[in-house]
Amino acid sequence: MSLKKIAFGTMSMSSISILRIAAQFFVMPILARFLSPHEYGTVTLAIPIVLLLVIFADAGVGQSLIKEDENNSLVWSSAFWLTAIIGVVLALVALFGASGLAIIFAEPDLGPITRGLALIAFLQAISAIPGVKLQKRGKFTTIAIIEVVAMAAGLTTALVGVLNGAGIWSLVLQQLAQYSIRAAFTFIASRFKPSFVFSLACLREHIVFGRSMLFSNLATNLSQSLELIIIGHALGAVGAGIFSMAFLFARLPGRILTGPLNYVIYTHLLPFRENKEKLGGVYLAISYLVAAFMLPMLFLASAAHQEIFSLVLGNKWTESGYLFALIAPFAGYQLIGTLAVTIRIVLGQVRSQMRLAIEFALAWCLLLAIFAVGGTTYIAGAFAVAVALIVPRNINSILSLLSLSRIRFITLMSAPTMISLLAASIYWVFASELRTQWYLWIPCVTGLTIIAIVTSMAAGYATLRKGLSALNS
C-alpha cells in the first residue's frame, strides 16, 4: 500500500468537487438568463426527490462488497441484478408518483419534470456495482475522469438545450446526459460483465451490512432536507437563504477534502481491520492530519468572515457571514469525527454507526426546531450542542474499539486547536486595520493559515510519521 496512492487518489476525487463548483459558477449565470426563477425552482424541487430515491439504488451493499473477492462471480453478479431490479422499481416509483408530487406541491410542471428524471434512479443503480469494482481496485483517477467527463457532458447538454429553446427541459437533459455518460463509462472502465446467475442467500451478509448503511445515509440526507424546511417555517425564505449560504461555506471543506479522503482511505484501511494496533496508529495520524489542515482554515475563515462574505457575495450576505463565523469551528470538529465513521465501517460496526447517524439527525433537527425562531445566534448554538452531544461519543467509541487513550487523543487535538485559535486571534487584533483593503487582508489570512498548518504539522510530527508510515508497510 502506498501513501502516495492515497494522497493522489484523494486529490483526484477532490478535483471533482472543485471542478463542479467552478463549472456551476461559470455556467449557471448563462442558464439563469434563459430560465425563470419558477422554472429553475421546479427542477430544484424535482431533483432532490429523485436523488433521495437514488440513495436506495445499491441497497447499501456497495461498501460491503469492497471486502469481497473479485473472483466470486456469484456474489458480484447477484449484487448487480439485485441493484438493477431495485433501480427499475425506483424509476417506476418516480414515474407513477410524479403526479402525486405535483398535487402536494401545487406545481403542475413538477409531474412531467419528475417523470423525465425517473431514469436517473435506474442509471445510478446499474452503475453502482461496476463503480464499486473501480473503488476496490483503487482506480480513483479513473473515477475522477469519468465524473469530470460526465459533468462536462451534462453541462454542455444543458447549454445547447437552453440556447435552442428547450427551456426547463434543458436541466432535465443535463441530468440524464450526466448519469448516462457516467453509467456507460463506468461499465467500460470496470470491464464488469455480470453472469446470468442470482442468489439472494449469498448476499445475506452484504444486505445486513447494507441495511444499516442505507439507514445511516438516509438519516444524514433527510436531516439536511429537514433543516431547510424547519428554517423556512421558522424564519421564512430570507432566513432559509441566510442559513443555506452559511452552511454551504461551512460544509465546503468536507465536500472538497474530508469526503474524498474518507472515500479513498476506506479501501486502503480494509487490510488492517484485523490489526487494531496498526489501525489505531493510522486513525490517530489521519485524524491529526485533518485537524492540522481543517482547524486553521476554518478558524481563520471564521475570524475573517466579514471580509470573505463581503468580497465573495456582497454586503447583503453579512448575516450569513456572522452565522458562518459561529458554526465554522464546530464544523471543523465535526469533520475530524468523520474518520471515526470510516473506521467503524472498516471494523464492521455498521449498526452502531447507523444509531449515531440517526441520533445526530434527530438531535440536530429537534434543537433547530426549538431554537431557530431565536435567529442566527440560537441556530449556531443548536448546531454547537448537536456536535457536542454526538461527535465526542462517536470518537470515544472508536478509541475504545482500538484501545486508544482518550487523554492522548485530547492532547493531540489540543495542539492544532490552540495554534488555530492563536492565529485567528492575531488576525482579529489587526483586522480593523486590514479589512477595508482586500490586498491587505487576503495575504494576511493566507499567511497566518499556512503558518498555523505548518506549525500544527510540526507539533504532531511524531504521530504523523508513525501512523502514516504504516500505510506504506
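A Cβ is built for glycine as well, from the same backbone N, Cα and C atoms used for every other residue.
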Range annotated as transmembrane segment - as stated in TrEMBL, picked from 40-61, 370-391: 40-61
Recorded stretches the transmembrane segment (144-172) and the transmembrane segment (228-250) touching, at least 3 CB pairs under 8 Å: no
Intrachain neighbours beyond the transmembrane segment (40-61), with Cβ under 8 angstroms and 6 or more residues off its ends: 31-32, 79, 82-83, 86-87, 90, 93-94, 101, 105, 107, 109-110, 113-114, 117-118, 120-121, 124-125, 128-129, 132, 168, 171-172, 175, 203, 206-207, 209-214, 217-218, 221-222, 225
